[in-house]
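Notes for the one structure printed next.
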Amino acid sequence: MVVVLFIAGIVLLVLGADLLVRGAASLAAGLGVSSLIIGLTVVAVGTSSPEIAVSLQAAFDGQGAITLGNIVGSNIANVMLILGVAAMFGSLPVDQQIFRRDLPIMIGASLLTFLLALDRTLSWVDGMIMLLALTGYGWIMWPRNSTHETLHHARTTQRHWRAIVLQLAMVVGGLVLLILGARWLVDGAVTFASWFGVSELIIGLTIVAVGTSLPEIATSVIAGLRGERDIAVGNVIGSNILNLLLVLSTTMILSPQPIAVPEATIWLDLPVMLGAAIICWPIFFTRRMVSQREGSLLLVYYLSYTLYLVLQATGSAGLSIYTTVVGLVLIPLTVALLVVRALRWLGEERRQRQLSMNASE
């Protein structure tokens, strides 16, 4: 029965992701907006719905710390795990709007969260500040995409409300299958792990943590395979922005008391989340894409972070050695690789510019 549940979870994940991507792409065409906008909004909110539900329930129960940990962990996984896995199936082109507008917003939201948490509490005032930032993001985002040409296209496209309703039904149906498939897959994986004697702590730090990101992983991978790469990247960036500026801010406002921020979150998890957002800048900048090599680099970082959590939680004696290796080897090596990649890209740009100038002469 467990094997059937595990396999059924995988099948539902794939079917749900495919249905969601096809519905989102059709909805974008029917409404006369780009797939990027749908990815940043509808798909991002949809795939983050489990995190949203958990966060709001925790807020009403007065357990805001659960929300903070859930959102920070989700944002780290979105960049390092989901972009990494999706890029392994094929390079992901990055839209110019994401690089110029949405990526800086994601970095700014991550930095704002870190700064507000430095006093070890997140109050309703902090929540209002973040909600105000979300309003500013909405003001920046929509006018630039609601141009006269787009509105004209939306008016002149022969669309019917039945088609729009069908496309929305595909999106909702895909989300339901995604969430159900993720739950079955995680339940099966947890059972398998317990059979092999894996502790509940390790299961929680690995299988369950990854399981909450399965809808985003499946959606981004399927979107990439179907050629809807704007949805793949937009889903990740949009989810991270909304997680912080909408879900976390709402939780702060609704929480009956200020959310206490653990010291470990301030000096480990929040900096890792901010670092994950910042590292997207050089990756997106070079050739405007996430290559397979860069995707593998992101995966290495996520596995390194997860291994650190496991070593810390189990009180392993090798934690100090591991921390030294990461600090002295992995991080400098990554910086060097990104610098080399940027220099190569700049060299190629100069050569192409020189060739075009010679051709014009």
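Placed from the backbone N, Cα and C atoms, the Cβ positions cover glycine too.
Listed in TrEMBL for this protein:
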DOMAIN    2-139  domain 'Sodium/calcium exchanger membrane region'
DOMAIN    168-310  domain 'Sodium/calcium exchanger membrane region'
TRANSMEM  76-94  transmembrane segment
TRANSMEM  124-142  transmembrane segment
TRANSMEM  163-186  transmembrane segment
TRANSMEM  192-211  transmembrane segment
TRANSMEM  232-254  transmembrane segment
TRANSMEM  266-285  transmembrane segment
TRANSMEM  297-315  transmembrane segment
TRANSMEM  321-343  transmembrane segment
Seg_contact(the transmembrane segment (321-343), the transmembrane segment (232-254)) with at least 3 CB pairs under 8 angstroms, min sep 6: no
Among 124-142, 266-285, 297-315, which stretch has the most Cβ pairs under 8 Å to the transmembrane segment (232-254)? 124-142
Which numbers of helix, strand and coil residues does DSSP report for the domain 'Sodium/calcium exchanger membrane region' (168-310)? 120 helix, 4 strand, 19 coil
